[in-house]
């Protein structure tokens with residue numbers, strides 16, 4: 001084995017020597033070249049990283065600038081929209097001004113409606129009040145009529161109507177009845193002139209009835225006296 005190893009080593013050395021002779025380059029030089037290559041590649045790698053970082057920074061800066069540019073048109077659009085809304089709001093505000101006269105014109109009509117409603121409301125209570133007053137006046141009139149119908153004046157008027165046939169036969173009795181009836185009529189007129197009340201009417205009716213009852217005997221006595229005076233007058237004429 002050792003013999004084989006030695007032989008192979010010698011062969012390899014011989015091969016290396018032959019290559020060196022052919023190339024004319026020593027192994028040290030090859031190593032130096034390889035080191036320089038490695039260093040160069042490493043430097044290149046570093047520079048590439050730097051370039052990439054710079055590029056990234058440049059890319060980021062470019063992206064930021066692009067974003068700013070994009071944001072600027074958006075802001076302009078927003079401002080334009082805000083201006084559009086302000087103009088739209090100003091337009092309705094200006095449009096509402098001509099409507100204000102219409103509203104002002106509507107307010108008098110509304111006031112008129114309110115006055116009309118108030119007038120109707122006032123007329124509604126007045127109408128029942130007037131109807132109540134009419135009913136009260138009708139009741140008072142009916143009461144006065146009933147009192148006048150039941151008053152002694154009517155009875156006094158009926159009494160002279162009944163006595164008219166007797167007075168036609170006795171002229172002297174007519175004068176006596178004429179003298180007595182005005183007093184009864186005056187009493188009846190006074191009784192009717194007074195305001196009718198429930199208690200007053202009853203008392204006055206009783207007084208008038210008593211007065212009529214008192215006047216009837218007087219009238220009959222005067223009629224008898226008139227009858228007695230008639231023959232005496234006839235005798236005197238004869």
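In case you wondered, yes, glycine gets a Cβ from its N, Cα and C as well.
Record features, source Swiss-Prot:
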- 9-32: compositional bias 'Basic and acidic residues' (COMPBIAS)
- 54-83: compositional bias 'Basic and acidic residues' (COMPBIAS)
- 84-95: compositional bias 'Low complexity' (COMPBIAS)
- 97-116: compositional bias 'Basic and acidic residues' (COMPBIAS)
- 119-130: compositional bias 'Low complexity' (COMPBIAS)
- 139-154: compositional bias 'Polar residues' (COMPBIAS)
- 155-167: compositional bias 'Basic and acidic residues' (COMPBIAS)
- 168-199: compositional bias 'Low complexity' (COMPBIAS)
- 213-225: compositional bias 'Basic and acidic residues' (COMPBIAS)
- 226-238: compositional bias 'Acidic residues' (COMPBIAS)
- 31-60: domain 'IQ' (DOMAIN)
- 3: S-palmitoyl cysteine (LIPID)
- 4: S-palmitoyl cysteine (LIPID)
- 41: phosphoserine (MOD_RES)
- 151: phosphoserine (MOD_RES)
- 153: phosphoserine (MOD_RES)
- 154: phosphoserine (MOD_RES)
- 202: phosphoserine (MOD_RES)
- 203: phosphoserine (MOD_RES)
- 1-238: region 'Disordered' (REGION)
Residues in the domain 'IQ' (31-60) grouped by DSSP into helix, strand and remaining coil: 30 helix, 0 strand, 0 coil
Field: Other C-beta atoms that fall within 10 angstroms of the C-beta of residue 41 (phosphoserine)
entry: 10
- prompt: In terms of Cβ proximity under 8 Å, which residues at least six beyond the ends of the domain 'IQ' (31-60) contact it?
  reply: none
Statement: On average, residues of the domain 'IQ' (31-60) score a pLDDT of 82
